[in-house]
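Quick look at what TrEMBL annotates:
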BINDING   Cys64, Cys67, Cys162, Cys196  [4Fe-4S] cluster 1 binding site
BINDING   His234, Cys237, Cys262, Cys268  [4Fe-4S] cluster 2 binding site
BINDING   Cys277, Cys296, Cys299  [3Fe-4S] cluster binding site
REGION    352-375  region 'Disordered'
Amino acid sequence: MNTNNEETFYQAMRRKGVSRRSFLKYCSLAATSLGLGAGMTPRIAWALENKPRIPVVWIHGLECTCCTESFIRSSHPLAKDVILSLISLDYDDTLMAAAGTQAEEVFEDILSRYHGRYILAVEGNPPLGEQGMFCISSGRPFIEKLKRAAAGASAIIAWGTCASWGCVQAARPNPTQATPIDKVITDKPIVKVPGCPPIPDVMSAIITYLVTFGRLPELDRLGRPLMFYGQRIHDKCYRRAHFDAGEFVESWDDDAARQGYCLYKMGCKGPTTYNACSTTRWNGGVSFPIQSGHGCLGCSENGFWDRGSFYSRVVDIPQMGTHSTADTVGLTALGVVAAGVGVHAVASAVNQHHRHKQQLADAGQQSPDNKDKQA
């Protein structure tokens, strides 16, 4: 229950004129986006009615701000509902109106007033080279700001591949020593939401889960939420049938490309990339790179920036049809079936021959001549 008389999400929605029916619809959509099913809608509604809005501190290290750009385009739920109602985004130097000294006063006030309660969202990573001087925030190395903010956080979200793995800033030879945040902050729970950038609806859903249940979602061994990073893009790709049939695009302008065949030979990293692109999609569920005709770059995977060309097949997957056409696969399957039929025919003939001999032997034992000889 909310015993601190702080405004809850539901109260904020009602203050803006949102009806009870619309609120419950929002809770239902939130449950769907989290993959929890309609049965969890009452629990989400209760949490949003009774729990105060959680303060969030969003800081930026070495990055390009693509995670923020992605987040504000969320459609399920809408970013404005997350920022203005679901949470209290009190500090984000990209989105907030305050700047300079005023912004830093807000930062320090939140860290002291909500110590142990706020969520720290980190976009980008800290460079450790030259005592952190490659990234300065608020007049001091970003690494200092990160450690200062992490000390009082209840949980930390690592937005994007920069914060999760290092991304292109950490590309060899990594002169700035750009480092993932979990290598620096080791005493706090961290959920990694990789991608360059992450899917906006995934970002909103992670925040919704934290607010609703007060804990991190179930994570894989690398710290990623299983609900969105539990399957490869390849597993749910609509071009998967072409992969299994050995139907591949060989060049960007060939007939196979026009027919929507598999892009694996064009360097698609979908078979080795864990993300929700092929199910959640982008731009409000409209499309994702493979659907738009370009292979997956594997941008949510660790080290994707140092693994060679984006347009070269860098791994062979031993699976029927990978290097064959559909006709070849069909002929091979037909050959296997034919061989099986042949073996079955030979076995049947041998068995029939043995049965025939046994019948003759039995008939011979019962003949009158044999009876006379036995007498």
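Cβ from N, Cα, C; glycine included.
Automatic prediction, not curation, is the source of TrEMBL annotations.
The shown structure was predicted, so the numbers you read here are calculated from the model rather than taken from an experiment.
Features per TrEMBL, on structure.
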residue : record                          : CB count, 10 Å
Cys64   : [4Fe-4S] cluster 1 binding site : 17
Cys67   : [4Fe-4S] cluster 1 binding site : 30
Cys162  : [4Fe-4S] cluster 1 binding site : 29
His234  : [4Fe-4S] cluster 2 binding site : 22
Cys237  : [4Fe-4S] cluster 2 binding site : 24
Cys262  : [4Fe-4S] cluster 2 binding site : 27
Cys268  : [4Fe-4S] cluster 2 binding site : 28
Cys277  : [3Fe-4S] cluster binding site   : 24
Cys296  : [3Fe-4S] cluster binding site   : 28
Cys299  : [3Fe-4S] cluster binding site   : 23
Within 8 Å of the centroid of the Cβ atoms of Cys64, Cys67, Cys162, Cys196, which other residues of that chain place their own Cβ, given that this set defines the recorded [4Fe-4S] cluster 1 site? Glu63, Thr65, Cys66, Glu123, Gly124, Trp159, Gly160, Thr161, Cys167, Pro197
According to DSSP, which kind of secondary structure is Cys277 ([3Fe-4S] cluster binding site) found in, if we only use helix, strand and coil? helix
Cys268 ([4Fe-4S] cluster 2 binding site): which of the binding-site residues Cys67, Cys196, Cys277, Cys299 have a C-alpha within 10 angstroms of it? none
Which same-chain residues, if any, lie at least 6 apart from Cys196 ([4Fe-4S] cluster 1 binding site) yet have Cβ under 8 Å of it: Cys66, Gly160, Thr161, Cys162, Cys167, Cys299, Ser300
Cα-Cα, whole number of Å: Cys67 ([4Fe-4S] cluster 1 binding site) versus Cys277 ([3Fe-4S] cluster binding site)? 15
Rounded Cα-Cα span from Cys296 ([3Fe-4S] cluster binding site) to Cys262 ([4Fe-4S] cluster 2 binding site), Å: 11
Which are the residues of the chain, Cys277, Cys296, Cys299 excluded, whose CB is within 8 A of where the CB atoms of the [3Fe-4S] cluster site average out, their centroid? Gly195, Ile233, Lys269, Gly270, Thr273, Asn275, Phe288, Pro289, Ile290, Leu297, Gly298, Ser300
Counting only residues outside His234, Cys237, Cys262, Cys268 in the same chain, those with C-beta within 8 angstroms of the [4Fe-4S] cluster 2 site's C-beta centroid are Ile233, Arg239, Arg240, Phe243, Leu263, Tyr264, Gly270, Pro271, Ile290, Gly295, Cys296
Specify the secondary structure state of Cys262 ([4Fe-4S] cluster 2 binding site) as given by DSSP, simplified to three classes. strand
Cys64 ([4Fe-4S] cluster 1 binding site) and Cys296 ([3Fe-4S] cluster binding site), distance between Cα atoms, whole Å: 20
Whole-number answer please: how many Å between the C-alpha atoms of His234 ([4Fe-4S] cluster 2 binding site) and Cys277 ([3Fe-4S] cluster binding site)? 10
Measuring Cα to Cα, how far is Cys64 ([4Fe-4S] cluster 1 binding site) from Cys237 ([4Fe-4S] cluster 2 binding site) in Å? 29
